[in-house]
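Worksheet: the structure to be examined is printed underneath.
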Amino acid sequence: MHPEVSEPPVDSVAEPSLEESAGDHGDAGPGIRKEEISETKETCAGPCTTSCPSQQQPSGDNGSEGFCTHSRDDREDRGPRMTKQFLQKLCKQHKLYVTPALNDTLYLHFKGFDRIENLEEYTGLRCLWLECNGIQRIENLQAQSELRCLFLQVNLLHKIENLEPLQKLDALNLSNNYIKTIENLSCLPVLNTLQMAHNRLETVADIEHLRECLRLCVLDLSHNALSDPEILSVLESMPCLRVLNLMGNPVTKHIPNYRRTVTVRLKHLTYLDDRPVFPKDRACAEAWARGGYAAEKEERRQWESREHKKITDSLEALAMIKRRAEERKKARDRGETPLPDSEGSIPTSPEAEEKQPMGEIQKKMELFVEESFEAKDELFPETPGGEKELHVVVVNGAVENPDLSGSLAHNQTPVVVTPEESTSPVAATDGARTEDIEAVAVEIKERLFIDDLPDLEDAEGTDVSVEDQIKETDIPRIQAISSLSDDSDPELDELSLSTSEATPTGATGALSHIFAISKGPSTAATVPFTDICKPIATTDLESQGQDCGAAASRPLIQELNDEPAEEAANQPLPPQTCASDPALAHPSEDGDSDSQLPAATLLGDGAEDEAESSVHPKEPSTRVGLEDIEFGLD
């Protein structure tokens, strides 16, 4: 049928004559006429192709014989060959290993090969693609002992052979060939998939060999010429068959109720032709085999009712979860705590009570929902009105401010009443809230309770009667009220009284001036932090007054404006007289301040001016008229 296969010895013998003919043409030179070339072609075109071996002439005229042999070699070598150089070049092209044994996949499809050869070095192949070629035989695969997948579809194969070395072959594709009989496959112990679509299979005998393929699971026999319904007996004897494709065969029309029959007879089949075999389809097919179409209809109705019940139960479970969530939300809005067992009172459908596994699943779902809501309530507690949070804010404001003013109390020797003063702005800013009235009432009680503490300390520091203390504390009250207004006479009167009394009681008067600010009305302190700054400035002034003596008072600073610049320049300025000269601490009351002017007090003018400017911001306006007031008093 194929005479070319038996002619390679003749080709090897004719190679010298081919070289001679080439030499003859080489000697002929370029002067050969086109007519001669056409004549030689005509002589080799017809019967020369078939009768050239028998027409050997001993006369030495080898021209026509050489051309006939060359044309035959061209015809045989017309297609590409699977050479080692070609395979190595192909591996480089596909970025595979240059070392043949390291490659596990070789892509040789769509190359036009007519035979399998030169694969001895590729011992590590696991997948070999040879589809869409002109291969006529399965051969030269002895070195591929590790091969798992062999793809030989769309070739010119007529027989299944030479597969014994492939002991690990798992998938074999022989579709679109000219195979008429399935054979020589029992030597493949682990063959799982066999594709024989578009071949020449016709009878039961053609597929009888499949009984010996015990591990075959996927079988594709589509688009063959199988017409005998007895093929089901062969397929039924295959224990591991799961997927079967018989589409395109006449047998599908010859078997009555084809799909039901095949499903019933092949017990383990899960996929038939173009769609799966579902458990419902198998149950209906078995019911049809028992009682016909009526039994099949009843079985189908039962399956549909069970499926509908599953869907209904799922929807009811979702609705129950939603309903419980709404009930919990309503209970939280009402301020109630929902009981964890309250959900159990929700009635369930009688169908759900009949089936115990479904009831257990519902119980698990209910328990999960309850635990989820309890965890949410613990992590994110909700207050119904928010009054507790408001109360905490007010209390925190009252607690933090005493810590702020505690630094001021640490620097001062007397007991400080400023915590109540520092809390009063907080209460004023939070007046729009509901708990402000109670907070203000508590602060007022605290003020009334601590009101007498500065007087008691003054009484311990100086042996003065209670009436004198009342007088001393009353005068700074007038001063605190008038200092916030414009230039007022009570302030000037207090200044004159302080100049006339250079005794330690003046210091106590200054201390009482500190605490007298808190006894005034809360409306007088327009700026929130002025009452904190005043005691600090007054304390600095007192420390300077104690170091420099009682003589460093306001009238001395006022008399500096009356002294001429010449006398101030002539007098020396010893810094030691501030603490040594006792006469300077008691200025005369007759107004003769020029003769008793202390020069040492000039050193403390800057510090005292800064302290007075911080305590009394409007005092410079009063100093303008102090000179006239002094002369008026004289």
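Just so it is clear, glycine is given a Cβ too, placed from its N, Cα and C backbone atoms.
Model, not experiment: these values are computed from the prediction.
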Look through S305, S488, S614 and state which residue has the annotation phosphoserine in Swiss-Prot.
S488
Among T40, T462, T473, find the residue to which Swiss-Prot assigns the annotation phosphothreonine.
T462
According to Swiss-Prot, one residue in S405, S465, S485 is annotated as phosphoserine; name it.
S465
For a three-state summary based on DSSP, what are the helix, strand and coil counts in the domain 'LRRCT' (249-288)?
22 helix, 4 strand, 14 coil
Let me spell it out: take the repeat 'LRR 2' (124-145), skip the flanking residues so only those 6+ beyond its ends count, and list any with a Cβ under 8 Å from a Cβ in it.
2, 79, 101-118, 151-163, 165-168, 173
Restricting to the repeat 'LRR 2' (124-145), what is the model's mean pLDDT?
95
